[in-house]
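Asks: Structure below; questions to follow.
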Amino acid sequence: MNTVPFKSTQKIHKQEFISVIRSDPYPPYSQSSDRRDQPSRMKVTMMMVMMVLAISVYLDSASAASSVGEFVDKTINNNKIAIFSKTYCPYCRRAKAVFKELNQVPYVVELDERDDGSKIQDVLVNIVGKRTVPQVFINGKHLGGSDETVEAYESGLLAKLLGIETVDHDDL
């Protein structure tokens, strides 16, 4: 505090007295020619606002990250077939075509059409260890990308995982 307690025998200015009583950290303007020596309420206020904004941004980003993670988890676990894809990717089109051939309708998340697509891919990296698309999940379990999906289709494993019967065209 910039003010010094006074003795009752000292004469003080009324403003200084009020400042001491209120414990005001910013005493009245002194006659000093250099105002830079005095703390600025505006600077302190601006610093506080900046700190609040920084904390708010941090909390929002943490919340967004957890909500993206929750979205990915719910998508994987609440859908029989979930595909994380990009509309322009030929490998993604190939994986989706396999399910069309089986008359199955997957839940498809087109990452390039979402504002949080990159964040979803970040979450998928933690789950599957790859940033590539497509990433296919069957009944909550990771099947793989395009090659693994086609291999599972050709071997009959995909139909088995989906619990569907397929007609072997060689038997006809």
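Glycine too: its Cβ is placed from the backbone N, Cα and C atoms.
In case it helps, TrEMBL gives these features for our protein:
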- 81-142: domain 'Glutaredoxin' (DOMAIN)
Asks: Looking only at the domain 'Glutaredoxin' (81-142), what are its DSSP counts of helix, strand and coil residues?
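Replies: So the counts come to 27 helix, 15 strand, 20 coil.
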Asks: Taking all residues of the domain 'Glutaredoxin' (81-142) together, what is their mean pLDDT?
Replies: 97
